[in-house]
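One structure is given here, and the rest of the page talks about it.
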Amino acid sequence: MHIMLYDAHTHLHEFLDSRIAEFVREIMIAAVSDDYPSSRRTIDLSNNYENIVPCVGIHPWNVDKVGLDELRQVEKLLSEAKCIGEVGLDRRFVPQTFNRQVEFFQTFVSWARDYDLPLNIHAPDAWRDVLEMVRRADVDRVLFHWYTGPLNLIQELRDYGYYISINAAIKIQEKSKAVAKEAPLDMILLESDGPYEYRGITLEPPMVKDAARIIAEIKGISVEDLWDVVSSNFSRLFNL
Ligand SMILES: [Zn+2]
């Protein structure tokens, strides 16, 4: 039996077209962007291939490299996008640009509300800052990608109807295993964040299969049942 798999966060624009064609045959992919050019490419990819949910945005690591005018260019793509990302706040890797990150993220949060689009969020060590901003703006579809935040924040995120994605790094990352144990199934998505090198593993969309196997085992359910739940979570988040 052929079942559709789901990757809630991948930088698809960084892959060659031949690889993309191969991935989307079996995996529905939420494709995130890092800046205006990659947002443009992500939209084009979604017009050329099935099974792509295009997300446009400016990554928090890039806010010091682009001008505010780049926001206006990205905003013009929103009518073709199904999601805003990768956007967010990062106190762990780029704390020095935090104030400018807030300025950009404020704009993305207001777009999410005004255009009724979900947010695909990056928030290392800024999980609660992000939560407060999306709550204040009353955004109701939010994904906290590669969630490795406090375990005691998970239930609160779920109470608001928010989602987390567990990265395929769960193979070797103990924190992800702890998150999988703690999080109720109805808020869980899987992701690769590909292409990305993490402690010797090359993260790419097909690795969501390994993540599914590990999480199904942790939850004590079959892999098929896990994909069933992930499929409905994915559809609710992205309004498919
Ligand atoms: Zn990413």
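Cβ coordinates are placed from backbone N, Cα and C, and glycine is handled just like the others.
Annotations in TrEMBL come from automatic prediction, not curation.
Divalent metal cation 1 binds His9, His11, Glu86 as TrEMBL records it, and from the list Asp140, Asp159, Asp186, Asp193 the residue named for this site is Asp193. Geometry remark: His145 (divalent metal cation 2 binding site) versus His11 (divalent metal cation 1 binding site), CA distance 12 Å. Cβ environment of His11 (divalent metal cation 1 binding site): Ala31, Val32, Ser33, Asp34, Ser38, Glu86, Asp193, Gly194, Pro195, Tyr196 lie under 8 Å away, each six or more residues apart in the same chain. Sitting within 8 Å of the Cβ centre of His9, His11, Glu86, Asp193, and not among those site residues for divalent metal cation 1, are the Cβ atoms of Thr10, Val32, Gly85, Asn120, His122, His145, Trp146, Glu191, Gly194, Tyr196.
Across the structure, His122 (divalent metal cation 2 binding site) and His9 (divalent metal cation 1 binding site) place their CA atoms 10 angstrom apart. Counting Cβ atoms from all protein chains shown, Glu86 (divalent metal cation 1 binding site) has 26 others lying within 10 Å of its own Cβ. Sequence-distant contacts of His9 (divalent metal cation 1 binding site), defined as residues of its own chain at least six apart whose C-beta falls under 8 angstroms from its C-beta, comprise Ala30, Val32, Gly85, Glu86, Asn120, Leu143, His145, Trp146, Ser165, Glu191, Ser192, Asp193.
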